[in-house]
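*Asks:* What follows is a structure written as structure tokens; I'll ask about it next.
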Amino acid sequence: MKRPEKDAGPTTGAMSTEGTTGGDPQALADLGWRTFFTAQIADETEAELIPVRVMAVNRNGLLVSGAAVETTVPPYLSIEGSETAQATVGDWLLVDPDTMRPERLLSRLSLFKRWAPGKGRMVQLIAANIDTLFVVTSCNLDFNVARLERYLAVAREADVTPVIVLTKADLVDDVAPFVETAAKLMPGLEVEVLDARDPESARRLLPWCSHGRTVAFVGSSGVGKSTLINSLIGSERAATRGIRENDDKGQHTTTRRELYRLSSGGWLLDTPGMRELQLTNVKEGLGRVFAEITDLAKSCRFTDCQHGDEPDCAVRAAIAAGEMDAERLERWRKLVAEEAENSESLSMARQRPARRSTARPPRIREDTDED
Ligand SMILES: Nc1nc2c(ncn2[C@@H]2O[C@H](COP(=O)(O)OP(=O)(O)OP(=O)(O)O)[C@@H](O)[C@H]2O)c(=O)[nH]1
Ligand SMILES: [Zn+2]
């Protein structure tokens, strides 16, 4: 199926919502609705349904918001056995206005998921319809290009635009080498550098956090994510503290994952799953991050060239000519190997349990509090 065009750019202003009857178009646009979703409404019957966004996944249902609607609806379960069979936080659903049952899950702009081994668990959905992933690292000890490339690959695999955020700019004499190194890690990559403690400097992230846009943060502990999030959430900062305190004490929380409103009109998706993004099944993402290697490899003599000692290797020729960094190739090699090993060990772990009938759809499981 051909996907409708996504709306482009971080600073896109008003988003069209014509074609829905789910209430005030502006209220829907505020929640992140855009033409990509409108275009999926098939017919008049579907136009009668109410579009709602999943704000949190609870044990007993989905907390959803729409235009003048905020309620809990039963879990969405489709008969199709695929990753579209369940709704996750950030998803858009069409619900029946009379029964308030979810009737349809709309195609996603992006999807973070992870593969889990054992007990028939396969795909765990983490979050849908995130526009921007802020990959946070500090301009000091935490700065590690291979780790950044790993996050970038996971973001690109999920169809999310990553933005590198370099914090602790105040602790180094010269930020230029960090910015320069980071910017080269992926074609078109944007890099922001700031002191996360300064609320004025956190404003640098606002272009991605405008009305209806959804963002998430990843990065090692202590790099400044919470500090930045508190600046962006503004008056609603207590909400974030709330989940953190609950998580830290391991308390049972009914809404473990949620979308938070940012003072700029955007949404922050902050979930434990986001903080544990893994390098599995991200072959395509790696190809996009290391686009120059993927491109050069097309000119290697052998289609399966490993860019080692094969003759007529275009990648090694580029390194010899000083057009490419040998260390970059080395990191690519390691990440590809790591990705293959992780993905392989997961698929082995999945095959180990007694085989089920092939007629049965793959099981999809949300990550719940037992994890
Ligand atoms: N000097 C300086 N300190 C910072 C900056 N950003 C964060 N810090 C400090 O670093 C410490 C850790 O910041 P947090 O915002 O808690 O880091 P985090 O990424 O949320 O860490 P986790 O919650 O463990 O994931 C705090 O004491 C912050 O005040 C910065 O840009 N400059
Ligand atoms: Zn080659």
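Placement of Cβ uses the backbone N, Cα and C atoms for every residue, glycine included.
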*Asks:* Determine which of C209, C313 appears in TrEMBL for the same Zn(2+) site as C300, C305, H307.
*Replies:* C313
*Asks:* Please find, within the list 240-272, 339-371, the residue stretch that TrEMBL describes as region 'Disordered'.
*Replies:* 339-371
*Asks:* Nearest of the binding-site residues to T227 (GTP binding site) by CA-CA distance, picking from C300, C305, H307, C313?
*Replies:* H307
*Asks:* Could you round the CA separation between C313 (Zn(2+) binding site) and V223 (GTP binding site) to a whole angstrom and send it over?
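*Replies:* Their Cα atoms are separated by 39 Å.
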*Asks:* So if I draw a 10 Å sphere around the Cβ of G219 (GTP binding site), how many other Cβ atoms end up inside it?
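*Replies:* 22, counting other Cβ atoms within 10 Å of G219 (GTP binding site).
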*Asks:* Roughly how many angstrom lie between the C-alpha atoms of T167 (GTP binding site) and C305 (Zn(2+) binding site)?
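*Replies:* Given the Cα positions, T167 (GTP binding site) is 39 Å from C305 (Zn(2+) binding site).
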*Asks:* Compare the Cα of G219 (GTP binding site) against each of the binding-site residues C300, C305, H307 and report the nearest.
*Replies:* H307
*Asks:* Find the shortest Cα-Cα separation between S221 (GTP binding site) and the binding-site residues C300, C305, H307, and name the residue that gives it.
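*Replies:* Nearest listed residue in space: H307.
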*Asks:* Return the members of T167, S221, V223, K225, T227, C300 (the binding-site residues) with CB less than 6 angstroms from at least one atom of ligand 1, or none.
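*Replies:* Cβ under 6 Å from ligand 1: T167, S221, V223, K225, T227.
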